[in-house]
Amino acid sequence: MNSICVIGKFLLTLFLIFSPLYYDLFAVNLAEINKLSKYAKSIVLMDFDTKRILYSKKPNLVFPPASLTKIVTIYTALIEAEKRNIKLKSIVPISDSASYYNAPPNSSLMFLEKGQIVNFEEILKGLSISSGNDASIAIAEFVVGNLNSFVNLMNINVLNLGLLNMHFVEPSGYSSENKITALDMAFFVKFYVEKFKFMLNIHSLKYFVYPKSKNLGTALSSKFLNLKQRNANLLIHDYPYSDGIKTGYIKESGLNLIATAKKGEIRLIAVVLGIEKGINGFGEKIRASIAKNLFEYGFNQYSKFPLIVKLKEKVYNGTVDTVALFSKEPFYYILTKDEFDKINISYTVDKLVAPLSGDMPVGRAMIFLENEKLGDVALFSDKVNKLGFWQGLYKSFINFFSREY
């Protein structure tokens, strides 16, 4: 293995100086984050692209998600919708069991009622903004026919994603028997947003009005007509970089939040669990404040560094003695400036014998932060032609008489 630590650092320094992705304003420090974190039982701040954990407090604490459950409900419904050719405008029949008047006490509701005319997209909005427990029942019954089968699919889906610390017994989050960890939920949100990015357009809505006149159908009641429900995620209203995702509350869990925000080329995910409710909206404000400060800390302390590896290696039997090796695509990682100074690179390269086409990888470069491997990239060469017979003979002649005696 050959070391190119100096080359790697030199290239990174060039990007540090000239890259517009670097932020030099350190507005929020760890001391401020730690001061706020005392209000939460579990916290994770994760970089979306690299899945790097930038901050955590008890990330593996098993915890009731409350209505954060509905994100897994939405994910499962959308997976099934793809299989069953369900469209956003497909009409969702509302049963008695999915009607608001049969929801358990203290439920958050979309105010669905048997006989209403409501489409799949409206149900998604009712889950995301109104956080309707009734909408959870309706969507489960619609996509697979019954609640138990749907919940089984929820659990299969999270297991398929490798998330072993998430388990659900119902799709609304009402039960304290639903379980997550902040770390697994952060990973889940990455999968969710990658697959269904359009849902951010729904999660970022500030309000949702339902039911409207067009929805009434044969429903017996119209007392909730044009009910305007506000997105409980305060970040959507007062933090310009946030575009989701979901709040939750039951007595057993306290106030929970999954949030995501994007600034420049960096998207972050914050999970905050277990805030005491308090009075006069204190808990809700603290929950939002923790997430906002986590985002500001992440955006201002970390930068997205692009690394392109370039070096030269000896080539045998070629028209040139050395050939340039390089990575075709930059390797991106999120780092602080201090961490950047600790980056080093090593590489392995095959014995290079001409002809080299330049199309196939000839080695790999490994990127390390001190002793932690961050990733690796394939190395390619410039094209090198093989020496012809007379060229080879001439080169051998020159090399022979150039030897030192």
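Backbone N, Cα and C define each Cβ position, glycine as well.
The Cβ neighbour count for Ser67 (active site, proton acceptor), using a 10 Å radius over every protein chain in view, is 28. Feature annotation from TrEMBL assigns active site, proton acceptor to Ser67 (among others).
Sequence-distant neighbours of Lys70 (active site, proton acceptor) (same chain, six or more apart, CB under 8 Å from its CB) are Leu127, Ser128, Ser131, Ser136, Pro171, Ser172, Gly173, Lys246, Gly248, listed in sequence order. Annotation comment: TrEMBL describes Lys70 (among others) as active site, proton acceptor.
The annotation active site is assigned in TrEMBL to Ser131.
Look at Lys246 (substrate binding site): DSSP puts it in a strand. Here TrEMBL flags Lys246 as substrate binding site.
The domain 'Peptidase S11 D-Ala-D-Ala carboxypeptidase A C-terminal' annotation in TrEMBL covers 302-386.
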